[in-house]
Amino acid sequence: MDYKSTLNLPQTPFPMKANLAQREPEQIERWRTLDLYRKVRSRRAGRDKFILHDGPPYANGEIHIGHAVNKILKDFIVKSRTLSGFDAPYVPGWDCHGLPIELMVEKKIGKAGHKVSPAEFRKACREYAAAQVDLQRREFIRLGVLGDWENPYLTMDFRFEADIVRALGRIAARGHLAKGAKPVHWCLDCGSALAEAEVEYENKHSPAIDVRFAVVDEFGLMARFHTADGALGEGPLSVVIWTTTPWTLPANQAVALNPELDYVVVQRTDIKERLVLADALMKDVMLRCGAEGYRVIGYCKGAALEGVQLRHPFYDRIVPVILGDHVTLDAGTGAVHTAPGHGQEDYAVGQRYGLAVDNPVGGDGRFLPNTELFAGEHVLSANDHVIEVLKERGALLHEARIEHSYPHCWRHKTPVIFRATPQWFIAMDKGELRRQALEAIGQVQWIPDWGQARIEAMVGNRPDWCISRQRTWGVPIPLFVHKETGALHPDTDRLIEEIAKKIETAGIDAWFELDPAELLGAEADRYGKIGDTLDVWFDSGVTHHAVLAQNPDLAFPADLYLEGSDQHRGWFQSSLMTSVAMSGQAPYKAVLTHGFTVDAEGKKMSKSRGNVVAPQKVMQTLGADVLRLWVAATDYRGEMTVSDEILKRISDVYRRIRNTARYLLANLDGFDPALHLVKPEDMLALDRWVVDRALAIQQEVIEAYETYQFNTIFQKTHHFCSVDLGSFYLDVLKDRQYTCKTDSLPRRSGQTAMYHIAEAMVRWLAPVLSFTAEEIWQYLPGQREESVFLSEWYDGLFGLDENSRCDRAFWDQMLKIREAVSKELEILRVRGEIGASLDAEVELFCDPPLFRKLSEAGDELRFVLLTSYATVKPAAEAGTDALPTEIPGLELKLAASGKPKCVRCWHHRHDVGTHPDHPELCGRCVDNVAGTGELRTFG
């Protein structure tokens, strides 16, 4: 007789093959039709809010793997907080102004003011940015990120542009805005100032020269030194500086020494000259300039030389010796050539001494026409000419070439220069902004915690923030400045609000096309209209004002900012500075940073290396859920390694999780929780254990989501699927589910456990495997919401009774016993003595405590151990042939069963053949096929 029809074989329409590349877009369309984001918002209305504020990516080009990581991490958090019952809106945004867009538009239509008018150019920039936003939006949605994609914030929206202007007005009103000719990073290709965040450091080869600055009053200088024998020495007397930027020497205004360092006068005996330099660097200098003989004839501290007059090496100019703590012994001579127009430290020390801020270099990088000797030359090619002039004047002591770290433009990858130009700044020490910012940093949670020290160091040492740019596509600095005094218009607050209203209606063109007389009337002739634009870091830096404070769904300050670790010097810092300047507090309660993506060898990704992993390709082949699972599996706090091979391994894990879910669904066929759910107290011991195990996992998973430990969620869920379920529970349960009567308590108990597990696990997976979880959700039995994202964490799990004999400790020991038995079964299998584990019988010889415990299971112990017989006996009955185990008080005997095999359950039982109507079945199967069904209480 064929007994297959009497078995409860699993079946489900849930597909085994994920086919994510095809199914995921269908799911996205379903979410769109459902208007899922709005439904979630409606369902969570009135709940406690959790605000993750989106840092705006730049609207230029397709998204890369770093974008994908960032948006996926944010999605994990927003969805998990939603499942925790929070109202967690997610409003994405884009950064839309700035140079990269200008460069792309220039390629198409030419430069503003040349082939097209500035207004036409800005219009083209706006259209280009809008197209890029649409491109990136589609790709972010394809990743499965849920958000208000229909209503993102764009820094180029008229309202946003107006709010940027209002933010600037408030910062100015609070006294943090300053104007000055200060040295700033200047990109010769951009033709504009750069912010700190726009500068990258790369290695560069530069000339390194030692230059003599002749002393005006040699006798007076020597009088400041302590000389051993009163000897003044002989030959010309010079202070020696060392520089890697010879082109800055035309702007030299002083030579700086460190007041605390020891300086010496060195008498060269080979060419009869005297050189002043730092004692600690003397040997290095003498070695590199090839001095064949020298001796020290005088000592003093740097402080003793303040005010000494020196001759400029090639101009008819006297320059003083000044003092500064920035002078170190890291390299050079201990004497620093000081050009306040070409360096921030030079500028700072120059301000103390009232030095001129001389800048002989134009915005194109060429010396101005009135620059003696070098007029019209480009600074980067003028080094050789400067060196030639120094040689001619006898001022060059030594020249060499070195490789060193040098600032480059982040966009053009070309060297930048420091150049003093009239710029607008947010002053770090005006109104105690730096101190307030450092205090605010201490009130924020930084994840990982090293982020706090990093941003503190940056804020503590940063110069004033140059917020002005000389660009076309950007938000204006809408100020009127008195043409004679340089003072801001006294009614600036009101004027800024008037201008903001105009921008809110007509965009930034409202300022650029404004006739000043329209606002200033008769005063217009006395005031200049500023034509500069704002640094785009200011645009994104005031999203706390333009988005958080304006959007009724959001709130200020945000609960969390989350970006890459480079944003400590970028968005985190610009947001902090503007927020503190405007309101005296940080715009975020917590800041989380993630590392950069690298290939399997830890190398940066680049097209030239051929190691780029494009998220678009991954989604088209493996699916977005595999990419999302990789993000969850990777420790985001450091570098995130990704490659095709790594993603293939992640795909294997995905299949294990999917197959586990499919098996649960298949075994829930015919189960209706409204009719068949078994009460906890009536469930079998093994089923109560697995629900308790799921409860413990759920508690760990929720805590991991709350603390952003996503790799813990990956590990816990994967282990639960592969070990707790796959290698144990489902393996044991299979016999009961297949062979017991369909509506029997043992089978419904197992289905109840699997139902609870599936309900819980689909929610654990939802923030990470969003597409797959939603697919599972549609196949789960029982009434439910339209989407898993409209639900909350499952509350149907329950723990084991602490007073039960089958408590967690019991099951921990049971798992160890099963492992010990399985180990010996494998040996029998390898020997060829058995095929499957059910071909074996096992005797367990136990000490009294273990004997009492295992006796609880009775004959059902065999089901847990997957053997046809499992007999518990006292340890005293173990013979010398019993096998020891690592479990105290347990020895084993295993052997192939000699009893007949039941064709239905495949157990070898003594009672097979004893029933005349079913001679091929064991007694248990006869009960299940023709009787009232077997009874089970344990497993």
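Cβ atoms here come from the backbone N, Cα and C positions, even for glycine.
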The annotated motif ''KMSKS' region' range in Swiss-Prot, which must be one of 459-463, 539-543, 604-608, 679-683: 604-608
Range annotated as motif ''HIGH' region' - as stated in Swiss-Prot, picked from 57-67, 486-496, 497-507: 57-67
Rounded Cα-Cα span from E563 (L-isoleucyl-5'-AMP binding site) to C905 (Zn(2+) binding site), Å: 56
Counts of helix, strand and coil residues, the motif ''HIGH' region' (57-67), according to DSSP: 3 helix, 1 strand, 7 coil
Sparsest-packed among the binding-site residues, when each Cβ's other Cβ atoms within 10 Å are tallied, from C902, C905: C905
Nearest-integer angstrom distance between the alpha carbons (Cα) of K607 (ATP binding site) and C925 (Zn(2+) binding site): 64
Cα-Cα distance linking C925 (Zn(2+) binding site) and E563 (L-isoleucyl-5'-AMP binding site), given in Å to the nearest integer: 61
Binding-site residues listed as E563, K607, C922, C925, least Cβ neighbours within 10 Å: K607
Environment of C902, C905, C922, C925, the listed Zn(2+) site - residues of the same chain whose CB lies within 8 A of the CB centroid: T739, V903, R904, W906, H907, R909, V912, L921, G923, R924, V926
Model confidence over the motif ''HIGH' region' (57-67), averaged pLDDT: 92
